[in-house]
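Participant: Marked as active site by TrEMBL: C270, H327, D350. Residues or ranges marked as Ca(2+) binding site by TrEMBL: N390, D392, E439, E444. Look at TrEMBL and you will find 262-353 tagged as domain 'Transglutaminase-like'.
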Amino acid sequence: SAQTIERCDLNIQMNHSNHHTEQFGEDRLIVRRGHPFSITLLLSPDSKEFKAAETRLTFIVETGPLPRKDSDTMVSFSLSESTVDSEWSASANNQAGNRISVSINSSPDAPIGIYSLTVAQEMQKTFLGHFILLFNAWCPRDGVFMDSERKRQEYVLAQHGQVYRGTFKRIKGLPWNFGQFDTGILDICLKILDNNPKFVSDADRDCSARKNPIYVTRVLSAMINSNNDRGVLVGEWGDFTGGAHPGSWIGSGDILRKWAESGPVRYGQCWVFAAVACTVSRALGIPCRVVTNFGSAHDTDANLLIENFYDEDGERMSGGDSVWNFHVWVDSWMTRPDMGEEFSGWQTSDPTPQETSEGIFCCGPASVKAIREGELTKKYDVPFIFAEVNADIVDLVRLSNGEFIKFSGSTTSVGRFISTKAVGTDERRDITHHYKYPEGSTEERQVFEKAKHHNKLQQRGEEPGLHLKIKLADNMSIGSNFEVNAILTNNCMKTKTCSFLFIARAVGYNGKQGESCGFASDKVEVPSGEERHLSLKLEYDSYGGVITSDRLIQLSAITIDKQTIDFHKAEKTIVLDEPDIGIKLLGEAKVDQPVTAHLTLLNSLPEPLQNCSFTIEGLGLTDGKPIGLKVGTVGPKEEAKADIEFRPSSAGPSMLLVNFDSNKLKNIKSFINIFVQQ
């Protein structure tokens, strides 16, 4: 006969502790798949004695708007002697009076999402509660299983990280607040899945496919940008009116909340797309890391060549492919049963809208091992990412008769210093070797042949001919005037005469050319074995008004000999150093006690800064929201100062992120690690 169940205790605190979900708080039950969780049924006092063997209890779990057994979005299973590892099952653990403890195990291959839990006996059904099921990097039978606890702590549980930007000569870590456990964020991540066009067109099929981390990762790579759907971020690389500058964000929470309230958020660039994708992946339980590629090729015509065109006077012609100074994407960890065991592990996906894949702006997941081995036929989008880290650059001069000839070119400036934050520390880890064999190695050559690639230009030693190089100044901070030099060496047997040009122009991090900020030229005669210098003074008055907030200047030295049709080029991109933010805590950080952060920044510019402001943000420190303070105008060589009070809400280690903004010095960031006392 039926037992009367008065209520059900979902044992949230204990289950969260066992499922590594305690950081989500205790509002509702959140568990990881393939791992048992326990619930307690309270029977009414007049219920007869409970005997598991005699009582026919059937549990029903359902997810999605159209739960169906065939889609694995509805499963029913009876109470049995013990739970089964590989599928949904339930067993009664023990009984004390009218309290029965039941252990429920979910399938390690179940779709993730919000579930309802119901128990049926004879003719009556009792609703027991809702729970959220996530991917499980701790479960060996889950596709996202990772066998190192240190790595799981970093790639699933860490809420802060570093995103690398700059140039390969000056790599700078940008602190980022992923905040995947912040209040409300998991719901927003699930809402992103429910807003994807595949769910809208076939909800049953989409919810069923959420068992597969490959599918979910591909959906996210499309939904983080808003190009084909009401995705999270609008990309913009030029005009930022009507939205926030991409450099102003310091965490994902703000962006995700704005999206949930009012649709696509303006504006993002590659590191913002990648950081938000990392937050959503970690929230759903997929191990994820943010990766920066320095010298990242955007190969529009998929010929694995980046072609730059110049006229006879050394002027760059527009159009064609581009090389981004850096580009940021994410790697997610999973098995690839669709490709074979050897392609499991890290998979690259790129949420920045660059090229379409299967008709929409998404990219990946592409196996990092397939990229390394040049397996361009493997899905998804391996050729595009292979080119991002491997394409050859060819500089071509268009002669007046319409013919093209090559500049002396570089083959190693694409795909260098591929970087991610190290496990457990704030250090940078170089992972270039995961993506490609060492430049010039036999393996690299073989992989290239496999990728049906043009032969690289010969590896160059001290060959005969003219050689150009660019020498930089020691101090290149924003606001200073400094000198750079181009050096031309003649390794030919005879004297050479040519035009020598040295050009400086502002450039965006995506390689987009801006205005000129310096030019020098000379007609030089260089005897055999000698060198000539051409110096260029870069003054704040010239570059201050044309550089973008990326603070990048591209230097190009070019020699032109129209008589012998001989063209040479050297190029370097410099990133100007920004002033540092000083951060000092006045007093100890304690839970529910006010503490003040004393912030300072020296204005390094020879002109006043207007609309200066500091913003701070930190998990468990500022209640999930940024706290800002305007400090007005700061004169040249004067210090901007602010004291901002905050009240930590939780004990333990955290990170305080600080952003400084003004009309001329934009989005300067710093952070300090803080330990909050109880």
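Including glycine, each Cβ sits where the backbone N, Cα and C put it.
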Participant: How many whole Å apart are the CA atoms of D350 (active site) and C270 (active site)?
Facilitator: 9
Participant: Would you find the one among the recorded positions D350, D392, E439, E444 whose Cβ has the most company, meaning other Cβ atoms within 10 Å?
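Facilitator: The largest 10 Å Cβ neighbour count belongs to D350.
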Participant: Express the distance between the Cα positions of C270 (active site) and H327 (active site) as a whole number of Å.
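Facilitator: On Cα coordinates alone, these residues lie 6 Å apart.
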Participant: Under 8 Å between C-beta atoms and at least six apart in sequence, can you list the same-chain neighbours of H327 (active site), or say none if there are none?
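Facilitator: Listed in sequence order: C270, T292, N293, S296, H298, T352, E388, N510.
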Participant: Mind giving me a neighbour count for C270 (active site)? Other Cβ atoms within 10 Å of its Cβ, every protein chain shown.
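Facilitator: Around C270 (active site), other Cβ atoms within 10 Å: 27.
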